[in-house]
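In what follows, a single structure is set out as structure tokens and then discussed.
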Amino acid sequence: MKLWLYATLTLALLVGASCLIGVADLFGSDLDGQMVMVVSRLPRTFAALLAGAGLALAGVVVQMSVQNRLVEPSLVGTPESAMLGLLIVTLIAPGAALMVKMSVAAGAALVGTLVFLWLARHVPRRDPVLLPLVGLIYGGIIGAAVLWLAWTTDLVQYIGVWQSGEFSGVLQGRYELLWIVALVATLVWLAADRITMLGLGEDAARSLGLDYRQTLLAGLILVSIIVAVVVVSVGSIPFVGLVVPNIVSRWRGDNLRRNLPLVAWLGGTMVLACDIIGRIIRFPYEIPAGTVFAVLGAAVFLWLLHAAPRRSHG
Amino acid sequence: MIQLDNLSITKNGADILRDVSLKFGQGGITALIGPNGAGKSTLLNAIAGLITPSQGSVTVEGCDMIRARPPERASHVALLAQNEQVTARLTVRDLVSFGRWTHHKGRPKDEDHRKIEESIEAFDLVTLADRRLDELSGGQRQRAFVAMAWAQETPWLLLDEPLSALDPRHVRDIMDRLHALTRPGENQRSVVIVLHDLSVTARYADRIVALKNGQLVTTGPRVLAMTGPMLSDLFGTGLAIERFGGRDVVVPC
């Protein structure tokens with residue numbers, strides 16, 4: 001209970017800070033402070049929280065699905081596949097509704113992730129570091145295809161937006177798609193036990209009575225939706241899905257029914273904190289939250305590689 | 001009753017099991033023995049319905065294990081596979097409670113909690129119940145998984161080399177526990193277990209199933225079917241059964 005008190009306090013502090021910090025002076029005379037709040041600051045705050053929470057949850061699901069703690073959506077090719085889908089739909093039907101584009105992106109993300117899962121079956125499990133390396137290369141190949149396609153069709157400026165998660169462009173009316181993440185997060189939480197069982201491995205899960213394939217597919221569909229929504233609305237933020245679940249797992253274990261809310265909270269607050277840091281560091285200019293997180297995340301990732309006892313992630 | 005009819009399993013073009021037909025009734029401990037690569041684990045997985053055979057059928061208590069839905073399968077048979085690789089940092093109690101998942105689907109009732117605690121106690125895990133699996137030794141983790149499979153409360157319990165990481169005391173504890181569980185009475189269960197220690201087999205098994213190169217060599221009550229010449233032939237090395245201190249032990253000769 002005490003934990004949740006602190007969690008709520010931290011969240012409230014960060015939301016407060018996020019609403020107050022920015023180039024526009026809320027209490028100045030020449031701008032309507034209330035309007036800045038409703039149109040820009042609050043949407044931006046919600047967007048960071050939703051994207052962070054969603055990516056952290058997606059990370060947990062991917063890690064459990066392949067039984068490896070060192071992966072996350074952007075290490076299994078999911079965002080790159082989503083971008084490929086987005087690019088293709090932009091070329092074929094430039095005027096398609098955002099919802100349609102998002103759906104195509106989610107579908108492409110799912111296909112890309114399933115292909116990775118198929119690849120993962122052939123990767124020896126002895127060394128846990130091998131799988132993320134394979135994923136890195138796999139994601140790199142799809143990313144290269146995306147870039148090539150964008151170059152030849154003169155759409156490179158889109159790629160930049162999709163690749164670097166940042167929230168300065170978030171405005172009322174342009175981020176609401178992200179609320180889908182809240183819905184998907186609820187579904188992930190309802191499936192918490194099943195996802196924990198995925199983490200026990202295929203044999204054990206099936207023997208316990210879980211419909212393994214159906215659960216795996218459902219989990220990856222949820223991951224694909226989250227990643228597609230985040231890529232479309234604010235751009236991909238690497239490392240969130242890797243770092244956050246690992247911190248929570250080390251701290252509180254892996255009973256997901258108990259811990260998923262914590263994962264969502266930590267993902268949301270960390271991304272929001274990075275966004276705030278990005279706004280302050282070279283005020284009045286901004287550094288994308290994704291960049292700030294990548295710097296912190298890379299450090300934590302290296303620490304995880306170094307400190308992880310091998311047997312615990314098999 | 002477990003009934004296998006003309007079961008054949010092919011993996012990557014190689015025959016793992018060839019035309020195995022078997023039938024045995026409830027109760028007792030059935031030991032699966034045979035040299036490495038004989039197909040013991042595959043047979044166990046097939047009984048649990050986790051492998052689709054290329055030919056033949058598997059029936060457990062009248063349930064067609066090949067076609068049954070996962071929850072139905074899991075209500076007949078609990079399988080503990082070999083070398084569980086654990087990614088999940090769960091406490092022992094959490095793990096054991098997953099054994100009862102088909103019963104409670106995430107909402108454990110009083111009875112589930114009782115069975116979970118019973119299982120924890122039965123396998124000497126009380127002091128470890130709140131520890132996480134990644135903090136335990138291999139043998140302790142092994143016992144936690146056996147407790148999980150037991151908590152599933154199925155008529156049949158299939159165990160694939162559950163003793164491999166255990167010290168002599170816990171080998172004895174677990175086998176005594178399984179022995180008691182499988183005697184006639186209320187809540188009698190049946191165990192099919194892959195064993196490598198032939199003296200343990202000689203002491204505890206009621207029935208043996210011997211496999212070699214994917215084929216059934218012999219099956220029957222342990223006292224009749226397990227003989228020195230049969231074992232020597234099965235493993236391709238001289239083995240004899242001697243009486244020692246009133247028990248049968250298997251020794252090289």
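Even glycines carry a Cβ here, placed using N, Cα and C.
According to TrEMBL, the protein carries these features:
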type	residues	note
TRANSMEM	A:43-62	transmembrane segment
TRANSMEM	A:99-120	transmembrane segment
TRANSMEM	A:129-151	transmembrane segment
TRANSMEM	A:177-195	transmembrane segment
TRANSMEM	A:216-242	transmembrane segment
TRANSMEM	A:262-281	transmembrane segment
TRANSMEM	A:288-308	transmembrane segment
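Away from its own ends, the transmembrane segment (A:216-242) comes close to residues 47, 51-52, 54-62, 64-65, 70-75, 78-79, 82-83, 85-86, 98, 101-103, 105-110, 113-114, 117, 161-167, 169-170, 174-175, 177-178, 180-181, 184-185, 187-188, 191, 194-195, 198, 267, 270-271, 288-290, 293-294, 296-298, 300-301, 304 of its chain (Cβ-Cβ under 8 Å, at least six residues beyond either end). Highest Cβ pair count under 8 Å relative to the transmembrane segment (A:177-195), across stretches A:43-62, A:262-281, A:288-308: A:43-62.
Non-local neighbours of the transmembrane segment (A:99-120) in the same chain are 62, 65-66, 73, 76-86, 88-90, 93, 131, 134-135, 138, 142, 177, 216, 220-221, 223-225, 227-229, 231-232; each lies 6+ residues outside the stretch with a CB under 8 Å from one of its CB atoms. A Cβ distance under 8 Å defines the sequence-distant neighbours of the transmembrane segment (A:43-62), meaning residues of its chain 6+ beyond its ends; these are 15, 18-19, 71-73, 76, 78, 113, 165, 167-168, 170-172, 174-175, 178-179, 181-182, 184-185, 188, 195, 219-220, 222-223, 226-227, 229-230, 233-234, 237, 240-242, 244-245, 256, 260, 263-272, 275, 289.
Within the chain carrying the transmembrane segment (A:262-281), a Cβ under 8 angstroms from the stretch's Cβ atoms is held by residues 3, 7, 10-11, 14-15, 17-18, 21-22, 44-45, 48-57, 59-60, 166-167, 185, 237, 240-241, 243-245, 247-248, 252, 287-293, 296, all 6 or more beyond its ends.
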